[in-house]
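As written in TrEMBL, here are the features:
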type	residues	note
DOMAIN	37-95	domain 'Chromo'
DOMAIN	179-237	domain 'Pre-SET'
BINDING	Cys181, Cys183, Cys186, Cys191	Zn(2+) 1 binding site
BINDING	Cys181, Cys192, Cys219, Cys223	Zn(2+) 2 binding site
BINDING	Cys186, Cys219, Cys225, Cys229	Zn(2+) 3 binding site
DOMAIN	240-363	domain 'SET'
BINDING	Arg251, Gly252, Trp253, Asn320, His321, Tyr362, Lys390	S-adenosyl-L-methionine binding site
BINDING	Cys323, Cys389, Cys391, Cys396	Zn(2+) 4 binding site
DOMAIN	385-401	domain 'Post-SET'
Amino acid sequence: AWYVPCLASLETLQELCRKENLRCKSIGITNRKLKSYEVEYLCDYKVEEGTEYYLVKWKGWPESSNTWEPEKNLKCPLILQNFLSDKNEYLSRVREGKALKVRNHVKALQPAVADYIVKKAKQRIALQRWKEELNRKKNHKAMILVENTVDLEGPPLDFYYINEYKPAPGINVINGITTGCECADCPAEKCCPKEAGFILAYNKRKKLKIQPGLPIYECNSFCRCGPDCPNRIVQKGTPYTLCIFRTNNGRGWGVKTLQKIKTNSFVMEYVGEVITSEEAERRGQLYDNQGNTYLFDLDYDSDEFTVDAARYGNVSHFVNHSCDPNLQVFNVFIDNLDLRLPRIALFSTRTIKAGEELTFDYQMKGSIDLTSDSADGLSPSRKRIRTVCKCGAVCCRGYLN
């Protein structure tokens, strides 16, 4: 039998059942629960004969079942608080409060205000569901939060969260590892980095100690060392609670850290679809017209493959560019020693405060060792249309490409 995951929310499925007068025990629509009511959000407000009423959207019920309820019937203080906050936010944005003023004797909301409140409530629910989905799919312990206090934009419609490379047909991203180190306590003389001809990338505090442009070789799944090995950092995933947030200067979504990050610390991996350079050229033609910058060439050793994080990716999909970034790219090899297919890791270049936005340089110039033979291998795919940079840095180059 074929099983297709349902993209509709539980509340949407319940609405359909109630609308068609159907019963479905698996989603909670039984005879006993058919008439259960819970406030999902508030849609409108009015005063009649001195009594305040709110128009209620009931969770799991179609909008045709919305009812006006007196405030005394509502046991949802947080939803009431959100309603009032959204109303005041809208009013404060309309011509500095001159067109629509908050008055204590308001008998009803104007349609534009009620429409904004409903859209904001639906957005809040959609972002909450997206946050839950991201945290279900991630494979690391740290939380991912979502925040939009800027506009009514909801979750991206065509983005799918993944934890590791998604190879196109014919591309093998797990290749070449059959043995690992025999160290009882890494690093030893025969440890993975030394076997590859390089030094261990991390110090005793598990912070990066190598210069940009040099590769990182971590212990792999065949190594004798355990999960606490000091040479297993990138493979454990991000250790920091991060927040995907809506920027207020037209840069779309961004990512900020909710914890302090020390210098030379691993922050996240850049993942996506691994495609051929020929396919990247084809997709690049389409992305240029949209102003997208999700193609990242894997040309550490050659120029055969590219990572495309436009549709498939992790939190790094939302990290914005800066000409003065706080993250730096490094090539990492763990369970694949194919030099054409390094993993891309982002490390902090300085101490990053809690609440600060995370950024990296899409050109990777100025912060890497340009004398390194592999420096050119860290640059994202070349763009054909110049995109204006909005990073706001003092040293801003004016364009992303």
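Here, residue 1 is simply the first one shown, and the rest follow in order.
Backbone N, Cα and C define each Cβ position, glycine as well.
Just so it is clear, the model here is predicted, and its values are computed rather than measured.
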Pairwise CA distance, His321 (S-adenosyl-L-methionine binding site) versus Cys391 (Zn(2+) 4 binding site), rounded so that it is a whole Å: 7
Out of the binding-site residues Cys191, Cys225, Cys391, give me the one sitting nearest to Trp253 (S-adenosyl-L-methionine binding site) by CA distance. Cys391
List the binding-site residues among Cys219, Cys223, Cys225, Cys229, Arg251, Tyr362 whose C-alpha is within 10 Å of the C-alpha of Cys323 (Zn(2+) 4 binding site), in sequence order, or say none. Tyr362
If one takes Cβ-Cβ under 8 Å and requires six or more residues beyond its ends, the residues near the domain 'Post-SET' (385-401) are 249-251, 288-289, 291, 293, 320-324, 359, 362-363
Counting only residues outside Cys181, Cys183, Cys186, Cys191 in the same chain, those with C-beta within 8 angstroms of the Zn(2+) 1 site's C-beta centroid are Glu182, Asp185, Pro187, Ala188, Lys190, Cys192, Cys219, Cys223, Arg224, Cys225, Cys229, Asn231
Around the Cβ of Cys181 (Zn(2+) 1 binding site), how many other Cβ atoms lie within 10 Å? Please give the count over every shown protein chain. 23
Given the binding-site residues Cys192, Asn320, Cys389, which lie within 10 A of Cys181 (Zn(2+) 1 binding site) by CA-CA distance? Cys192
Which binding-site residues from the set Cys191, Cys223, Cys225, Cys389, Cys391 come within 10 angstroms of Arg251 (S-adenosyl-L-methionine binding site), judged by C-alpha positions? Cys389, Cys391
Could you break down the residues of the domain 'Pre-SET' (179-237) into DSSP helix, strand and coil, giving a count for each? 7 helix, 4 strand, 48 coil
Rounded to the nearest angstrom, how far is the Cα of Cys186 (Zn(2+) 1 binding site) from the Cα of Cys219 (Zn(2+) 2 binding site)? 9
List the same-chain residues at least 6 positions away in sequence whose Cβ sits under 8 Å from the Cβ of Lys390 (S-adenosyl-L-methionine binding site), in sequence order, or say none. Asn249, Gly250, Arg251
CA-CA, which of the binding-site residues Cys183, Cys192, Gly252, Cys391 lies nearest Cys229 (Zn(2+) 3 binding site)? Cys183
For Gly252 (S-adenosyl-L-methionine binding site), which of the binding-site residues Cys191, Cys192, Cys396 has the nearest Cα in space? Cys396
Given Cys391 (Zn(2+) 4 binding site) and Cys186 (Zn(2+) 1 binding site), what distance in Å do their CA atoms have, once rounded to a whole number? 41
